[in-house]
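Participant: Mind looking over this structure? Questions follow.
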Ligand code: G4P
Ligand code: NA
Ligand code: NA
């Protein structure tokens, strides 16, 4: 998505450790107009997929997921993060390890909001090592829900998440695909076809 790539080039900053800081429009301050356009694009891509529900993880996945849900007219459920989970009878849960933060979190979704009748679109802000998406796969498996696809705002295709989704055989749509960082420069997969 050209508009998103342009915004990454103007507002994004590359931090040590191959982290792209985009807190000006996605991870802290949110640009609703850009999010609406992102939601439209996800809706266009998955319009025929018979999605009944969108799943994401709090907090940064919520804005793009809600904008997609608005335009696909389906509910959006965000998995909550907990340090540990004790009362789990009413929850689907998975453990998510963050390589960037070197911490483990449990994510959970109430059994009220996901079932075997659902066909789910997973949306997240970043795909890096894919641990969040893996956790959502596990939760969908527990609910025996079908997975229609994964929609990602910004994918770093040089990290392992891409392969993790491919191995599962699930459709992956990323609106910006970063192939590499070169100092403070960002390179996109789309450059190859420009
Ligand atoms: P993974 O989910 O793909 O495995 O990501 P990883 O463990 O590597 O990273 C943990 C957190 O850092 C995730 O957010 C993920 O979205 C985010 N992240 C990964 N790479 C980048 C990057 O280059 N830039 C930014 N801004 N974030 C990145 P989270 O902990 O779930 O936080 P949040 O959703 O509450 O913001
Ligand atoms: Na996230
Ligand atoms: Na994040």
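Quick reminder: no glycine exception, Cβ is built from N, Cα and C everywhere.
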Participant: 20, 156 bind xanthine according to TrEMBL; which of 27, 105 goes with them?
Facilitator: 27
Participant: How big is the xanthine site in terms of the longest C-alpha to C-alpha distance among 20, 27, 156, in angstrom?
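Facilitator: That value is 16 Å for the farthest Cα pair.
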Participant: Specify the count of other C-beta atoms within 10 Å of the C-beta of residue 130 (5-phospho-alpha-D-ribose 1-diphosphate binding site).
Facilitator: 26
Participant: What binding-site residues in the list 20, 27, 156 lie within 10 angstroms of residue 132 (5-phospho-alpha-D-ribose 1-diphosphate binding site), counting C-alpha atoms?
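Facilitator: Among 20, 27, 156, not one has a Cα sitting within 10 Å of that of residue 132 (5-phospho-alpha-D-ribose 1-diphosphate binding site).
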Participant: From the Cα of residue 131 (5-phospho-alpha-D-ribose 1-diphosphate binding site) across to the Cα of residue 156 (xanthine binding site), what is the distance in angstrom?
Facilitator: 13
